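Below is one structure, written out as structure tokens; the observations come after it.
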Amino acid sequence: MHALHVSDLTVSYDKKPVLEDVSFSIPNGSITGIIGPNGAGKSTLIKSILRLIPSITGEVKVYGEPYAQQKKLIGYVPQRSEVDWDFPTNALDVVLMGRYRHIGIFKRAKKAEITWARECLQKVGMLGYAERQISQLSGGQQQRVFLARALAQDAMVYFMDEPFSGVDAATERAIIQLMKNWKQEGKTVIVVHHDLQTVEDYFDHVLLLNKQLVDFGETPKVFTLENLEKTYGGKIAFLQKTPSTEKEHHAHGHLAFESE
Amino acid sequence: MDTLLSSLSNANFQWVLVGSLLLGFASGVIGSFVLLKKQSLISDAMAHAALPGVCIMFLIFEVKSIPILLIGAAITSFLATQAIQFIINKSRIKTDAAIGIIISVFFGFGIVLLTYIQQNSTGSQAGLDTFIFGQAASLVKSDVQLITGGAFLLVLISMLFFKEFKLTLFDPQFAKGIGLPVSFLNGLMLFLVVAIVVIGIQMVGVILIAALLITPPLAARYWTERLGVMAILAGIFGAISGVLGAVISTTIVGLPTGPVIVLSASFIFFISLLFGKKKGLVIRRVRQA
Amino acid sequence: MTYTLWIVITGCLVGLTCGVTGSLLVLRKMSMIADAISHTVLLGIVGAFFVTQSLNGVPMLIGAAIVGLLTAFFVETLHRSGVQSDAAIGVVFTSLFALGVVLIAFIGDQVHLDVQHALMGEIAFVPWNTLQIGGVSLGPVAVWMLGGVLFVNLLLIAIFYKEIKLSTFDPQYALLIGVPVVFIHYLLMIMVSLSTVASFDSVGAILVVAMLIVPGSTAYLLTDKFFTMLWMSGAIGILSALIGYGSAVYFNVSIAGSMASSTGILFILAFLFSPRHGLVFKRLRTT
């Protein structure tokens, strides 16, 4: 059973095609990284799957049923920069927003929902900040609040848009731990990602995208130099292991790209 | 019709026609810069903020001398732009709210001063309220000469520095790199906007003068992609609106000039929106079919 | 005494209604849409007059709501077709407002509605225009209208509280979990139009804009809690009305203008002295 099935997805903006005929099927219980250069349409892909922007053609099925009927199973972590963090509210409140579908229209959050939201905050190590105004959280803490909100949704298929950008090492570890937990629970995770060096460590599946689908499949088979050249279209310099002090997991050396 | 003919032969009215034509042209050209700087609504704030300046000068000097009043207008207009910047830089208030705050508070304070003047000054100085909606018919010769001369000068400056403005608007970093005095040029553009607002308020009024900066360039945008052509086209649209407004409002008694000028400009915009060669809705539809 | 009281009540109701509604607009970065709608409802009022040949409360409210929605709709359509949003707002509201002003010039002699009135309102006349039912006077029409609109607005905010909050903070996420984001948007536009027209007659367009934008911005500098911001904005609106009325009487100047100026003074105070976001304390903390 595939968790997500996308066929012939085409999106254009102002008559310029942004995505053309993208089709793929993501197996249940996998962690997929969507990889591609800037402007390749990575965020556009997940937003059009989630119906946040209109697509011209395309069909999306979740566990074999049309997307519209399965919306309850979808969780989403948007890019942190997409919301205004000056908004007057606290961390707990943001997490509760993940429960609005369960709370229902017209109704207020019950005690059980609040307890649940607190548990989610605890899972990302943010319980101590529950009452903190969101404008006073660091970038990594804000990202973790967003993770907690996604947790609170209790979804089956999670979409994350660049969750690692601009976060501290502790948050990065928290995100990875969360993805692994989800995978163990049989959930599916789809992540827009731009750091090539970490791809092999984080994802068991890779989707290479540059306006069209370049390749999709298990990481060892798809994440190859040849495929990357196709995706990035530029010269690729494969550098030998560089003296990097911050990160230890660069077992495969540095991949650097110069696009033309 | 008779009134129109007799007006046309009136020397004062001929001056008004020339004035409104040049004023419209100048604001179209300057408005093109404003549009590209994405400061359309800031120009609206500058216009509204002119009112308290006019009133303060009247209270201080107690004469209705147009040049003095307009200097006041220029000062408070300029202050308004600085206040907007200051609020954005020094607090969490976002641009749109900052503009809204300045528009409403400056204008509200202007109304306070205006009513104060009306209550407390003797004689018939009440003419100040024509600054709100503009009245071409009430302009005397010296007013019109000021508008005409001023507008001419502003068009001249815009033409002289056109190349430099263009680069500064498009790529300020690069402009700085090749040694252009970018902050001077930005200051000069700000001066042009303040100046056009100030000389235009007698005819168009503080509430609607911004439309003369916003609408003609936006209409021109539907016909061309090139800044030079756009500025000239916006100037022509502005000039047509200015003349139409002056003629119609003088012919029909009781019609304020500003709103008629703005409606003329809106009409041109509407036509451009539909039939414009570059992005007009009809053209787009035809291409799609 | 009752005369003064009615004027003060009217001012406070304007402050409360516009303050609460406006705080939402400040958060949604739609202050200038509020500015635009406050100008264009004039056209709705004139239009209602052309249809009914009278300046009656209910048709006026309907006319204003329609034009308010049209304003928001036109701005969005232009924006979507590629015009920058501030220029789109500028061209739409100046056009519709100019049309309203020109139409008034044609009907001006038939009704008591002139441009001066539209801008500054005539709050001093509010107490004379009373609601009569069966020969009994029930107080000024303006107070009833404002009270009604306030009630409707508060009711809508209460019903859709968390939907409004989420679609303001994170509209995409709201869409994802099934909040009717577009519906909420136009609901707010209706609320703004209704508040505007109910206030319009007594205080005019300027004060409406001031009351919609400035108290909300002031509250935004004073609190980090959503609910607090709503009621605080309303309270600041009322306070501005009171201070404004007092000083208008003292200096014998325009009441509406004076109330608008008061919102500005309260804003400056918050801008400087807000404990967390004020300029003075921020500076003290950094040194």
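Yeah, the Cβs are placed from backbone N, Cα and C, and that goes for glycine too.
Listed features, source TrEMBL:
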{"type": "TRANSMEM", "residues": "C:6-26", "note": "transmembrane segment"}
{"type": "TRANSMEM", "residues": "C:33-51", "note": "transmembrane segment"}
{"type": "TRANSMEM", "residues": "C:57-75", "note": "transmembrane segment"}
{"type": "TRANSMEM", "residues": "C:87-107", "note": "transmembrane segment"}
{"type": "TRANSMEM", "residues": "C:141-161", "note": "transmembrane segment"}
{"type": "TRANSMEM", "residues": "C:173-197", "note": "transmembrane segment"}
{"type": "TRANSMEM", "residues": "C:203-222", "note": "transmembrane segment"}
{"type": "TRANSMEM", "residues": "C:229-248", "note": "transmembrane segment"}
{"type": "TRANSMEM", "residues": "C:254-273", "note": "transmembrane segment"}
Review point. Do at least three CB pairs under 8 A connect the transmembrane segment (C:87-107) and the transmembrane segment (C:141-161), leaving out pairs fewer than 6 apart in sequence?
Key: no
Review point. Between the transmembrane segment (C:57-75) and the transmembrane segment (C:6-26), are there at least three Cβ pairs closer than 8 Å, leaving out pairs fewer than 6 positions apart?
Key: no
Study note, to complete from the structure: Listed stretches C:6-26, C:173-197, C:254-273 vs the transmembrane segment (C:229-248), most Cβ pairs under 8 Å: range C:6-26
Study note, to complete from the structure: Per the Cβ under 8 Å criterion, with at least 6 residues separating them from its ends, the transmembrane segment (C:6-26) contacts 33-34, 123-124, 126-127, 139-140, 142-143, 146-147, 149-150, 153-154, 157, 164, 168, 188, 191-192, 195-196, 198-199, 202-203, 207-208, 211-213, 215-217, 219-220, 229-231, 233-242, 244-245, 255, 259
